[in-house]
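Taken verbatim from TrEMBL:
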REGION    1-106  region 'Disordered'
COMPBIAS  20-30  compositional bias 'Basic residues'
COMPBIAS  35-48  compositional bias 'Polar residues'
REPEAT    247-281  repeat 'PPR'
REPEAT    282-316  repeat 'PPR'
REPEAT    317-351  repeat 'PPR'
REPEAT    352-386  repeat 'PPR'
REPEAT    387-421  repeat 'PPR'
REPEAT    426-460  repeat 'PPR'
REPEAT    461-495  repeat 'PPR'
DOMAIN    609-695  domain 'Smr'
Amino acid sequence: MAPLPAPTASSAFLFLSPPRRSRLHTKQRPRPTVVCSSSSAPTRSLSDQLEPLSRTLLHDKPTPAAASADRPTPQPTWVNPSRPKPTVLSLRRHRRRSPSAHPSSAPLQPLIRAIRALPEDADLAATLDAFFPDPEVSPPSASDALLLLNYLHPSWRKSLSLLAWLRALPAFPLDTIFFNVALKSLRAARQWPHAERLALDMISAGVPLDNITYSTLITAARRCRQFAKAVEWFERMYAADGGVLPDEVTYSAVLDVYAQLHMKEEVLALFDRARGSGWKPDHVAFAVLAKMFGEAGDYEGIQFVFNEMREVGLKPNIFVYNALLEALGKTGKPGLARSLFEEMTDQGVEPNARTLTALAKIYGRARWGRDALQLWDRMREMKLPADNILCNTLLSMCADVGLVAEAEQLFNEMKDPGCPDVPNPDKWSYTAMINIYGSNGNTDHALRLFEEMVKDGIEPNIMSYTIVIQCLGKAQRIQQAVEVLEAGLEKGLKPDDRLCGCLLSVVALSSGEEMEMVLSSLEKVNKGLVTLIRVLGQDQLGADDLTKEFKGVLNAAAPEVRRPYCNCLIDICQNHGFPPQRARDVFHLAQTYGLYSKLHSRKDEEWSLDLRSLSVGAAKTAFDDWMQTISERLVQHKALPETFSVYTGSSTHKFAQGLASAFAAHLEQMAVPFRPSESQVGSFISSRDDLVSWLQASSLSAVVAR
């Protein structure tokens, strides 16, 4: 894909004109090649051949987990080519009656009051029979029935009961519109099973389904996140007798469904087909496209949205701008997001709280803390309303970039009754501030705020507990960390994998009796982890026993915490005097399961080791293992590159402890000839001659000594 010229801060997005594309281009995945070889040995079954591979794999999801049947992937919409397609869409929505055309509701008021007084799940038949003495001979008029259904819209059970009563009247002409009103009530209540059952009843009873029916069903399925069902009913529109054309609401809804299912090809195919039929996309459709391209990180797709809006003569509104800002944030383009915001204000579109929330997230990821706070001041001057999501996003951004004073000022404004434009702090606000103090190493402030949170009746969430426990652990206040955990367990706290990982790090930082204290609490929430730790501490341990316990723990954990688990386990092995080989055993098992798969990079002229995702103990173990591998190649007289480099990273977080200083101390202790790189911060380099000389002068035991 050729690079497109990036707009400047003063240029308008609406004038970007990339070539129009009808489909999203994706690369075809290469098909695996199966190689068969003939041999005189008996042929092994496929399961036998794959059995060694299975020992190196972990489950995709934590176990135990309820097995759910795979949902069938919706097929692309098919259009019958034998049926001609109209050049424009014919909208068949029911027109709303004007207030003067509605019948007077005065005669029905006693009935409405009687129905409202009934319980939610009551049968309306007796009440209706009392109001209409002879409904089979003299049923209510269609206008009265519609008026009753509209009044009962907030109560879907009563709507269905009224519809069932009407359907039982032989003299009542039940039309599609009555079902549509009931379906809208079910959609508002997110009752998808009842909505689909009612639609199937319409088909069985021979009641025709019109555009409103299909549109209501599709949007109801989307609201209930039944995306496959939404696609299924969209396909039924074309399969129905005579075909039912979608309108603009249906097209926008189905585009969103396809985007939710990550069916980009279908999104663009439907968009082009609808445009060819005369459809003019609305703001909702363009917001869906912007969101889809943003999640894919497709900057060209975002330009495509602007180009299409310019072509149809539609100016972006606040919803489209917000969707585009969120999309630009996901593509990692904070400068373009700022330009878009400036264009939005120049076009006279007034930003709202969601706008600032999106920008605050973008600036936080880019470490543009000052820009976000300047934007916040600008919004305050404009007296735009702020909500908790916005303020909490700003607090989290301050935590990311280390703006303690600014965060305290905002948090105090949220607590001040004299600031009505700022919402009161909630549990996420407190959690963000606790995170700021915890990252800053200000344990007393973090603990005091946590206690204030509990005293004010705000129930701490699991993230609050995790941050406070981790902060106390780093401060070597192990007993207080255990007390916080025990207090949470008494209140019904249900620890997750991240909290268990936090407790593992506390175990690594504790010693003696404190370690047993933490293990005793950890055993209440995760016995497998404690069993594995005790197994690692055994002097005599079989490889199969260790593999079994290790794999069981990882399979029971979420994939995103498996590598942190391994980091903490290695730290525990090193800090608590476990047998010298244990840390490397854990490291090798983690490599076997692909948890440390991107540490090494080999080129002809340079070998590198990337330690950025490791803890201090795991980084030392990985480096020592790397030195042993190089030493073995030297003994075997195999070729070595000219340069060796180790990258520990240099975190931009103000309060990050950093791995570079700890690793530099490890290098100094071992006297390894790696020196800091002058061109790249957080990188250490060594030449082949220097490293070979050191390896030759050192025994293998010195290499792995600590």
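Including glycine, each Cβ sits where the backbone N, Cα and C put it.
What you are looking at is a predicted structure, and each value in this text was computed from that prediction instead of being measured.
Outside the repeat 'PPR' (387-421) by six or more residues, the chain places 353-354, 356-357, 360-361, 363-365, 367, 369, 372-373, 376, 380, 428-429, 432-433, 435-437, 439-440, 653-655 with a CB less than 8 A from a CB of the stretch. Along the repeat 'PPR' (387-421), the predicted structure has mean pLDDT 82.
The repeat 'PPR' (247-281): residue composition by secondary structure is 26 helix, 0 strand, 9 coil, according to DSSP.
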